[in-house]
């Protein structure tokens, strides 16, 4: 067997003919139906006799006495008084036969040359056959005789008859009618002559043909040579014939045939027949007698030429008939000529082995065979239609329009169809066209285009068939009566009498009318263009010159004819998809029956009633039933079926509705359905030279080869077949869809074409172009999904994530470009056995109003049919659903109570328990006034921060909540229309004064930014009007950010840190955010006495004082990563009603943001410390209005199901700090209710912001702040103040232990504590989801839906835990946490809290704090533990996520959807960086900001996108300023954190990348292993921030974090040795995340030493540059730059890569090294859209990041969690302009400790920046433009535009979430246009406002981090 590979032009060369073993053909054929005597001699003479005159039939003649229907064959039939004339004929071989018979109207026509007229009868009378009087027109019969010397296969008249058409007679089968009436008189019938032509039979013996020779000798594996091939080469048999001497050799006859295999695979044959002399000596006596060579009497041998026929044939899977004809003719010519330098064998092997297959790149191959012989091999026309050898022009030319339409009807109704012709080359092309014209149906019955005589028995088969035969067959056989015979030579259809009424008029009228009209038009064109090919005779022996224009014209006509039939089929089947019935439940035995798959009755009712019979018959045919099956299941026809659906869509856009067909068809006329590939128009031609003759060495003459006839071929002279032949592809390129995972996401050619057209159309429309690019990015993710799922565990969760992304796409109005997204998920559901999810995907498509095409629908049904279904429906899913419904109903009834409860409550310490969630490990515990007692006496787990949550709720968020339109009247202070305000906070709040807005807390401060929350709680909170949604949408991505003001950072900080700052200080330090807070804080001061725990802003100010500097950075970060807590808050924000003064309405129930819990921890810890210092400061912070009231005073969380419980604010006393079971108080009702409302499956990961109280630190150990190193310029850099009393801190922060970030030593904790930690993680889990609640937890658990979770062991855990909940709810949390440990895993990692209010973003920690200022706010435990690690699902650190500030909402994207779909990694936009980095082994900073090569301007991401073209091969973008093209680059920088002491890798079972979220193993021991304090020294040193702030290395922070984390994990997993922490620390199943630069607490505290801290000298965040490596960290890998590809280009390249290398390439270590461009672009886009991915895991083990050594891949999903990817908007590296950007200056200026120390230049810069900030707050952009333009030096070329300077400064200084970029753009545009001309002259092109296209790109994708 020869190994196969690649499409071959031809497969086999065969010689067939008479062999020694051939048997007589007569023995092979059943002769029962043969004619009486076999072939007849040709007619040599005809005569007319007048019987009425007494003339008789001449001797040797036969008289035609009767017509076919037995009427008298009188030529004057029916005439009165006319003579009776009859026709007579004579047969014989004694002279040349007649070749034609005609009729001449004398006087009107001239006699044709070569014809003779019968003017007289044999008896001398006039032979006028007209029945009229003698004076009228005379009519004579004429004939033409063959020449004396003629070829053997020339045709002759073999029969003749007369028909009377007026009596209903028609020409008999195979007879040709002379279309001239013989009777022109008034009386008489219409009489016509008919005659039959055939090849005159000679004396011959027919044998069954055999195989004489084949090449190659061995079979191909995929295509063994069929033994029946010789029969098709010589369908009439191999004959020995005796010819008359005057007969000459005929030219070779070309024929084609098709072999259909059992798999319906077609093989095309092209053959040439010719005759050769046959030696008389080889004949036996019997043969001599049969041939008439041996006289019977004398036994004498007559000398006559004896010949036999032979055939040479090529077999191929491709119908290159014309090329094969040319090649075979060349071979034949060589075989009868000579001498030649090369043998025939060389030419054959050269053609078969050295001719490349035509491809789109080289569509034409010119093959030079010799000096005179050449021909072109053209690529097959590539359309989605099945490949065939159809010749539609031949069909139409030979049958005409009406007969074509009738034939179409016959085929559709599955008749027995017999095609016949004397031209064998015509048969195959026409038969192929007949089968192709019913597309999308496929003929299911026997199909033999050229049937050998030996197989003719099929004509008697009792089933439909399409068979083609040589017309000579009818010389031997009569056709069966029920067969429809179609004579291609005479253009006639012969239908049995009982079916005479069948014709084209039975087709539906309008489609048929359109069909016939078009066919008639094309028929006329064909007649003018068509060259009659010499198919029946030989091919021209002259050199062949390709007639391109004729070929092109014919190809065009061919496609138009095919398109006409396609249009007809589309019009009769339109709307059929609406009647397909998908399988939506476990399949039964009848699931695959046609009636189960298709609503036949519904379909019939929708059709034209007048043609119900036609449709009824059609719907019962095998072709229709098979069509329905193919539409319902995967088949190799899927591509064609999808194309057909597209055709219907084009012709009848409203498929489901029957519109008037007339309109449809008229409009359809102009629609092109089949289009030529671009390659068909290409002139690229490959020239192939003939084989080289052997070199002539001069001595020995090379042999010459001469032939007289075709030789016996010698295998030795052939070139040996090449060993490596490409495997044959059974289907034409692009026509097959395979099941291989690598090609799951492969688009069909039609989908690619459609995408190209759509791209060109969208390119001219800015909003559409942005959406188009955005949609392509999702497609990229789905293309990589098979690889992602393969390396994910569990698979169910990965699949659920995919489903959630589909939901997200719909909710954010992403229009899928094609169905690849859905198709891939469905196929994966089949691969990983999840039919239920496949059903959900199908219904998701329906919800999105997308009708699955054939490919998608086929995969869907295949999955649901073949996959095992869950056995029982009454499972936990069912039961939990009942519980959910009941609880949800109760929750709805309680809504009104909440409102009233809220109004009566004092804000007090909101969020005490309800926010945190009862039973959460971090349950709030009341602290005494001094805040120390609890530390001493309360077990760590109980010392939880009560206010923590409150802090999270940041004022702005709260206010913004109220800003949204609500039924309540809005405060007069709010601005009229927030859309037009750049700053989303009323400017009044930005006063530097402590302006009190007592009554205005409920007024709008920021425009709502929590669309997502909406989604989550929408069901519960119906107070909101729809109007809110629009505004909320704006918040979409960016606003989720954690900026201080918006995301409740304030809240977080407030609790703890607020104790240390006074409001005015804070306001100054924090800028706008603080001011807002300050304003809001004035209310709290009046809070009722009973509220023990209040926090003053003053404390906050401590931290904020200096954090202002960092705030901007934080803001930036925050935009990307608001902590989940914040998110929760935001979400809850929606639930809150506006409140006046202190009575902040809070819907606590809705607020079960467990994320808040995380905050409460941090708060509490802060409080504990701060409380001691400033008990007074513990005043209620009304700023937290946004969150539900925390019932910090609830001692035992009684009545966990009471929603009102959350709203009661009880008095708290110091004594309340006493220990109580925190877990029990978790509000389960809220949790469950929240779950019901939770719509965010993707958020499965939810930010694990656990609220851990601060861990107990050993007295000496400073509360080490795992303070992250500062992030680069675009990243915020926070520094936390030094811890005040580490001891105190330790004590006061029991929860810290569970906080991974926390640094500091912890004392061994009691088991109680240990289990509590666990519960915390649960709470974190819950918290993590933006709307955390149990439900959210559950939801987040696997990104899943309750249904998925509740199966298997997890549900048991949950059930059992529920039982315990009655007694000890905390245990439940423990159980659940472990059951869903994956959530914990990440969760715990991030468990602590989002940074204290804005710490992370706002760098709230101020340098002004003295080292003792208690780390309030930055207590190790709180700070160190960021609430969400990247992995956390709430959007952790999702810098890349589409962050659109309020105005930037991606089109009408329904933000609701966006939230849950967040990938775990980026899932928490609120993610605090500290936690992010705890688990971080590598930080990767990416920026797409590029520099135009021509003008040097900086081109930012959205501008690059807007500049891309619709060409998927063009890598360039267009510079928006100089319009030149350049290649944008993605710049990547790394910060390798693996050397840090606290970082160590540990395998985790998580299946998600950090970004995708982590899923730790489900079972981990929960015992707590104490850690010794030996590591303390390392940690302690970090606490003295004043001294070491700059030097705190990230490693150090790691150490701290790790120790914390380890403790926190309570030894859940295993103990690990750490270099800096000698003791083995127990660690959870997740690796530590490194809390790092993004504004997290890990950042260095002392900015003064590094003014550039917030501003990296590198393009990317400074954190990258922090090389201070106390612990010997490894050096960071060098930066990488790769071309930044458009999603169109990237998709094309990715598809090509997967097709060539398989999908495994995506998760192999070589991917990043071998395909860096594709890799980094995918990483960029997946982060940009916040989609889960395992790609980052490849970075850790890549050669690039390991000094050239490729490390083995351990666990991609695990490794991915260890890589934190940050997408940056700006790239400082590219700034070549002197000075630094304004936003960098602002950061640096604000990082200085004392303004008095600033130089004059710095003070001037500070004044400028401050002026600009204030102007922006007042919506004044003109002033900043003027200020900056005045400072510009005229004539100098700038790189930084005024637009970017002002925008970036606004975002950084005022808080990203507070800036509506869209409003800013509007204001900037107005200001720019209002500038006087002289001012405009000073400006440069780069200063112009962005174009609409740029704005839309940013709206869709959001803005990266700045």
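Including glycine, each Cβ sits where the backbone N, Cα and C put it.
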Ask   = For which of the residue intervals 1410-1440, 1441-1471, 1472-1502 does Swiss-Prot record region 'Disordered'?
value = 1410-1440
Query = Where does the phosphoserine label fall among 279, 388, 1132, 1321, going by Swiss-Prot?
reply = 1321
Message = Need the matching range: Swiss-Prot marks region 'Disordered' on one of 865-903, 904-942, 1021-1059, and I'd like to know which.
response = 904-942
Note = When Swiss-Prot is consulted, the range among 1518-1547, 1548-1577, 1638-1667, 1668-1697 described as region 'Disordered' turns out to be 1548-1577
Key: Contact set, same chain, for the repeat 'PPR' (818-852): CB under 8 Å, 6 or more residues outside the stretch   = 577, 582, 584-586, 645, 655, 739, 741, 744-747, 751, 754-755, 778-779, 782-783, 785-786, 789, 795-796, 799-800, 802-803, 806-807, 809-810, 859-860, 862-864, 866-870, 1347
Ask   = With DSSP, how much of the domain 'dDENN' (522-640) is helix, how much strand and how much coil, in residues?
value = 73 helix, 2 strand, 44 coil
Remark   = Taking DSSP helix as H, G and I and strand as E and B, the repeat 'PPR' (818-852) has 25 helix, 0 strand, 10 coil
Request  = Averaged across the domain 'uDENN' (191-363), what pLDDT does the model get? Just tell me the whole number, please.
outcome  = 88
